[in-house]
Every structure is written in C-alpha cells, then in structure tokens.
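According to Swiss-Prot:
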type	residues	note
SITE	R21	site 'Transition state stabilizer'
ACT_SITE	Y26	active site, proton acceptor
BINDING	N77, H83, D90, I104, S105, R114	substrate binding site
ACT_SITE	H103	active site, proton donor
Amino acid sequence: MKNNINILLINGPNLNLLGTRETEIYGDITLPDLLKNLEKRAKKLNMSLKHIQSNAEHVLIDKIHSSRKNINYIIINPAAFTHTSIAIRDALIAVEIPFIEIHISNIYSREDFRSHSWLSDISQGVICGLGLDGYHWALETISNRLIHLK
C-alpha cells in the first residue's frame, strides 16, 4: 500500500455514552473500546485515524473546518445532528472532503423525525442499522476507494 490515508472520525451528541445508553439499540461496547478496535483496523489498512466526539455542534464544525488541508476522508456519525444541523451540512460542503455518514441504528425504522438526514444527499454513502460494524465497513470502503482502486 502507498501513502498513509488520514481519516477523521466524527461522533456527535450522546455517543460518548456508548456502552451505557440504550444498550438494546446501541450495544454494550464503549466509545473508547470501539476506538481502540477501529485504530487497529485503520493501521492494518495503512490509515491514520483521528477522532472527535462532541455534544456541541460548533466544536464539530470547527474540527471539520480545520481538517481541510490534512484529512483525506471523513466518517461521521452525526447522531441527533443528522436531523437538525444545516450548519454541519454547510461545513462539509465547504471543505470538500469526501465523507461517509454512518448510524449505529436504522434511522429509517425508528421515530418519523429520525428518518430525514441533512447529510445523506451530499455524502459518498450512508451506512445505517449495522450496529458498530458500520464503522468498520466505512473504513473498508474508504480503503477500497482510496487505496485499492487507484
């Protein structure tokens, strides 16, 4: 494999509570444990994984803006911001970094208000309803797109 690929993983509000919050929906693996597993996989794929989790929209937007020059791809689980944040949408459009939107649960089989995403139509793809495996599939997809298909 060639050059290292820099990936930014963004986790939105309440994802800091993974492993303890609604485990029947989100599972019992904590965010630190998930990140440890993802970092191992990313390393095997010759990727460098940077991570941010915030419950504050402006913090995520600032991180997206600062990633413009040094990030090749974004994986974003916007959580509740999926359904409300035109500001995150605009930030992603502005930086022109390709991204994959992911959701642990199937947002289309839950409450009606969760079925609209402000990001899906501008993303490279959406992974939802596959649990924490969705994060791993996002890494594999990026590897296929940026490394193996060059």
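Even glycines carry a Cβ here, placed using N, Cα and C.
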Remark   = Across N77, S105, listed as binding-site residues, the smallest other-CB tally within 10 A is for S105
Structural state of H83 (substrate binding site), classified by DSSP into three states = helix
Ask   = How many Å separate the Cα atoms of H83 (substrate binding site) and H103 (active site, proton donor)?
value = 12
Densest Cβ neighbourhood among R21, H83, H103 (recorded positions), 10 Å radius = H103
Note = In the three-state DSSP scheme, H103 (active site, proton donor) belongs to strand
Message = Could you check which of the recorded positions R21, Y26, H103 is the closest Cα neighbour of D90 (substrate binding site)?
response = H103
Request  = Using a 10 Å cut-off, grab the number of neighbouring Cβ atoms around the Cβ of Y26 (active site, proton acceptor), all chains included.
outcome  = 18
Request  = Starting from the Cα of N77 (substrate binding site), work out which of the recorded positions (R21, Y26, H103) are within 10 Å.
outcome  = H103
Key: H103 (active site, proton donor) and R21 (site 'Transition state stabilizer'), distance between Cα atoms, whole Å   = 15
Message = Give me the long-range Cβ neighbours of I104 (substrate binding site): same chain, 6+ apart, Cβ under 8 Å, in sequence order.
response = I25, Y26, G27, N77, C128, L130, G131, L132, G134
